[in-house]
Ligand SMILES: [Zn+2]
């Protein structure tokens with residue numbers, strides 16, 4: 001139970017003592033928040049019916065009043081007395097559950113001293129809009145989030161016994177607007193059935209907080225989410241702290257991914273996981289779903305017998321037979337709150353790291369990563385400063401996981417494709433570890449500035465890789481990245497608006513739909529260019545450390561970063577490096593096209609040249625098999641083979657028969673287990689219409705659902721021969737149920753646009 005005012009955490013309770021967002025200008029500058037909502041609800045203004053006829057579908061697991069009951073009444077003046085009683089019961093239930101869990105939300109203690117409020121620079125990001133959020137996040141400060149959820153497996157809903165997450169989200173907030181606030185808008189989603197809302201606030205003159213049910217309603221916002229609006233019975237006072245308790249349930253939806261036993265590696269038990277980036281967590285819990293807002297969180301998760309829950313949290317604690325308690329002790333944006341529940345076991349692989357996986361994968365996971373993660377972490381710390389997140393664990397996901405990795409703090413979610421058996425794909429782990437500084441600690445303030453997360457992370461990944469594996473190997477890997485950027489720009493055209501670093505995301509556009517290689521590889525080129533201007537690697541490394549320290553736990557725009565860069569290097573500022581013709585910072589950010597500067601990858605020549613020469617040999621009408629046999633590829637590392645295959649793909653189609661011969665000559669490639677090799681081989685097979693190996697393409701697509709592999713292959717198949725198009729249709733009809741819903745949509749779009 002939260003006690004008196006004194007029990008609330010102080011404003012300055014981030015580990016840095018930092019103020020995440022400057023308070024000025026709030027309340028008016030929020031272009032993203034509350035569009036079209038303000039005029040409709042008055043402070044006492046009742047509960048409007050949700051627009052999508054959701055009044056009937058709420059099973060809610062028997063907890064709390066049904067949505068239909070609430071929404072059907074009290075259109076003026078708040079809920080009817082019976083509903084009030086039900087809401088009060090629900091609110092009390094939430095409170096007692098929190099107490100039972102030992103959670104006093106206001107007094108959440110993750111340890112660590114409360115430091116003084118150091119003055120921090122005013123940020124451009126403090127007033128930046130986020131058109132992807134329906135919330136009025138600038139009007140409030142989110143101090144803490146607590147989730148109390150019960151996981152139920154069953155058939156897809158709706159209906160009794162269907163699978164779902166149900167419980168409460170408790171948001172601890174402070175009102176920032178100088179005028180106070182009459183309502184609060186959160187991001188939500190039609191799949192989220194909110195059945196009750198209650199406020200816990202202090203009454204003036206009374207030390208005890210009181211709880212009261214409050215009316216709420218939803219409003220359409222975009223196809224990827226809706227607004228959930230709560231009206232305060234009495235306006236919220238400036239500076240007032242309060243808790244909002246929302247009782248809800250979510251079954252099927254884009255934020256919570258349910259897998260049947262057949263869709264898991266072990267095929268015995270179901271599995272559920274959440275994926276928040278970019279705007280999917282509004283379909284997991286009501287929130288300020290913008291990377292501009294950060295807070296700590298805690299969660300109490302109840303699971304069925306025989307299941308284990310894990311989260312992106314500092315602590316993992318088993319409470320009783322089927323309950324798990326988590327605390328994230330650092331402020332993070334909503335998209336990094338992540339949960340997975342399944343048949344999971346773990347194994348130690350380092351002093352602060354363990355791997356989590358289904359039992360049938362745990363030995364492979366342990367073998368692949370035992371003893372290697374600590375080296376990556378320690379190198380990152382040397383370069384970029386302390387690793388602030390405590391643990392670094394890896395969760396190996398079921399095969400349908402659409403990403404290579406998702407950098408959920410403390411617990412990266414990764415594709416099982418990384419279990420290559422030869423530690424050859426560790427660069428993905430280095431990438432995710434690099435997000436511990438770039439993305440998770442310093443975060444893009446909106447999704448139009450995604451390059452701040454990914455471009456810096458690519459640069460950081462390659463710095464770590466250079467130190468651990470050498471310049472030749474790293475430049476080779478970077479060359480494969482550059483090839484991906486080339487491919488992407490060839491497909492879209494260089495002038496495509498997505499080929500700017502700063503993307504203008506229009507209202508209504510799902511930020512995920514803007515996802516492409518540009519923020520990664522063009523972003524890498526820009527950071528490399530800034531290092532090139534400095535001209536000294538050590539100095540630039542020190543700058544990156546200072547940059548992280550300057551903006552840690554905050555969300556920023558490119559303007560904040562570039563201003564800091566020019567301040568840090570006054571000699572460059574004096575030289576006006578921001579406006580060198582052809583390389584203007586503004587051009588980097590706001591003009592689409594190929595990067596004006598490309599870092600020198602010639603240290604990779606020793607590995608690239610032989611691969612290029614060998615690729616050239618394979619383009620001949622009459623193959624020189626003697627010269628080909630003289631090149632020994634048995635010692636080549638994965639990325640050298642990848643580079644070779646990329647060259648083959650560029651030169652494809654090859655003369656008839658050459659690909660068949662190549663497959664027979666290099667079973668190491670044509671029968672590879674390694675996913676990067678399987679992707680390239682599949683692309684070559686399709687581009688050359690080598691139908692004898694179509695089955696391998698299909699097997700690869702059935703074995704995993706990673707977006708980066710799946711979409712290019714469907715593109716290739718649908719652009720290929722009649723047989724290749726048939727292969728695409730056949731494959732998709734069997735794999736669609738095991739793919740992530742976003743990936744299904746993208747594949748459908750590819751198939752529709754090309755049929
Ligand atoms: Zn990344």
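Cβ atoms are placed via backbone N, Cα and C, with glycine included.
Listed features, source TrEMBL:
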REGION    1-75  region 'Disordered'
COMPBIAS  26-37  compositional bias 'Gly residues'
COMPBIAS  54-65  compositional bias 'Gly residues'
BINDING   275, 276, 277, 402, 403, 404, 405, 406, 407, 706, 707, 708  peptide binding site
BINDING   431, 435, 454  Zn(2+) binding site
ACT_SITE  520  active site, proton donor
DOMAIN    606-751  domain 'Peptidase M1 leukotriene A4 hydrolase/aminopeptidase C-terminal'
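With a cut-off of 6 Å between Cβ and the nearest atom of ligand 1, the recorded positions 275, 277, 403, 405, 520, 707 reduce to an empty set.
Those residues of the chain, other than 431, 435, 454, with a C-beta within 8 angstroms of the mean position of the Zn(2+) site C-beta atoms are 407, 432, 434, 438, 439, 453, 457, 458, 460, 461, 520. Other Cβ atoms within 10 Å of the Cβ of residue 405 (peptide binding site), summed over all protein chains shown, number 21. For residue 431 (Zn(2+) binding site), applying a Cβ distance below 8 Å and a minimum sequence separation of six or more within one chain yields 404, 405, 457, 458, 461.
Rounded to a whole value, the Cα-Cα separation of residue 454 (Zn(2+) binding site) and residue 403 (peptide binding site) is 14 Å. The CA atom of residue 520 (active site, proton donor) is located 16 Å away from the CA atom of residue 277 (peptide binding site). By a simple count of nearby Cβ atoms, those within 10 Å, the most crowded of the recorded positions 403, 520 is 520. A distance of 6 Å separates the Cα atom of residue 435 (Zn(2+) binding site) from that of residue 407 (peptide binding site). Taken over all pairs of the listed peptide-binding residues (275, 276, 277, 402, 403, 404, 405, 406, 407, 706, 707, 708), the Cα spread reaches a maximum of 18 Å, rounded to the nearest whole number. Comparing the binding-site residues 275, 277, 707 by how many other C-beta atoms lie within 10 angstroms of each C-beta, the top residue is 275. Residues near residue 407 (peptide binding site) in space but far in sequence (CB under 8 A, at least 6 apart, same chain), listed by position: 336, 432, 435, 436, 439, 440. Residues belonging to the domain 'Peptidase M1 leukotriene A4 hydrolase/aminopeptidase C-terminal' (606-751) score a mean pLDDT of 95 in the model. Secondary structure at residue 405 (peptide binding site), as computed by DSSP, is strand.
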